[in-house]
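Undergrad: Sharing a structure below in structure tokens format, with a few things to ask.
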Amino acid sequence: MEGKEEDVRVGANKFPERQPIGTSAQSDKDYKEPPPAPFFEPGELSSWSFWRAGIAEFIATFLFLYITVLTVMGVKRSPNMCASVGIQGIAWAFGGMIFALVYCTAGISGGHINPAVTFGLFLARKLSLTRALYYIVMQCLGAICGAGVVKGFQPKQYQALGGGANTVAHGYTKGSGLGAEIIGTFVLVYTVFSATDAKRNARDSHVPILAPLPIGFAVFLVHLATIPITGTGINPARSLGAAIIYNKDHSWDDHWVFWVGPFIGAALAALYHVVVIRAIPFKSRS
């Protein structure tokens, strides 16, 4: 409807899951599964909301890298863990920023801020390939710029403290790092699917408002578990931005882990949600 602002559910495609603000909750009996997003939707390219969504993803990922990389550097700068926020503080910074940024951007872009989340939602047919590729490019550019601003403000400290780049820690194999990234991303993307499930949103009108909270908390918990192993990637844009700006050989040695792991984890989460939790393939046959 012209002139009426629409409420975009977190992770939603522009077309099928948008509902006017104030839409009443539906019962299970009345609920109808939203149609899958078209695989390729060139019509989106002529819509301002499409370009605005990408800009929102860029700004959100920019802010995410800026705050989190500064937090990581602050912890590494401290002479001992007791003099800084420590691993718990890093985890809170990552989880808290995701909570805040998903809340801010959910109604504009769906609040992905992570190529793995975008990839998982694309596999579940929640958004088109056009939008998925656009989001991933903007997320990566935002991450590079966010890390670049940190280096611009503190060039010597940035290089000396590792620039927040992800690497597999000494004592762990690449396989261990890959496994940590797969499971960590599975937890995140599974939480995204559960928190933004269209059927749950239709039944319980308060769920979309609360969605940023479990998503941010999932990021917090995964960081607590995997910072000692990989520094916690679970977000290829975050890993890419820090690696490009830091640009040391060892930051690229394991970089593939932080793309392959999150994409596998996201794919498994999408498969689990669609096939097991929602059983959509079986419903279509009946």
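Backbone N, Cα and C define each Cβ position, glycine as well.
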Undergrad: Is it the case that Swiss-Prot assigns Phe122 and Lys283 to the same side of the membrane?
TA: yes
Undergrad: Six or more residues out from either end of the transmembrane segment (209-229), which same-chain residues have a Cβ under 8 Å from its Cβ atoms?
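TA: Contacts of the transmembrane segment (209-229) (Cβ under 8 Å, skipping residues fewer than 6 from its ends): 10, 87-88, 90-92, 94-100, 102-103, 106, 111, 168-169, 172, 176-177, 180-181, 184, 187-188, 191-192, 194-196.
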Undergrad: Is the count of Cβ pairs under 8 Å between the transmembrane segment (133-153) and the transmembrane segment (257-277), pairs 6 or more apart in sequence, 3 or more?
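TA: No, since the transmembrane segment (133-153) and the transmembrane segment (257-277) share fewer than 3 Cβ pairs closer than 8 Å, they do not count as touching.
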Undergrad: Sequence gap of 6 or more, Cβ distance under 8 Å, 3 or more pairs: do the transmembrane segment (92-112) and the transmembrane segment (55-75) meet that?
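TA: These two stretches do touch.
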Undergrad: Let me spell it out: take the topological domain 'Cytoplasmic' (113-132), skip the flanking residues so only those 6+ beyond its ends count, and list any with a Cβ under 8 Å from a Cβ in it.
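TA: Counting only partners 6 or more residues beyond its ends, the topological domain 'Cytoplasmic' (113-132) has Cβ contacts under 8 Å with 11-14, 17, 36-42, 44-45, 50, 53, 57, 60-61, 64, 98, 101-102, 105, 139-140, 185, 188-189, 192-193, 234-238, 262-263, 265-267, 269-271, 273-274.
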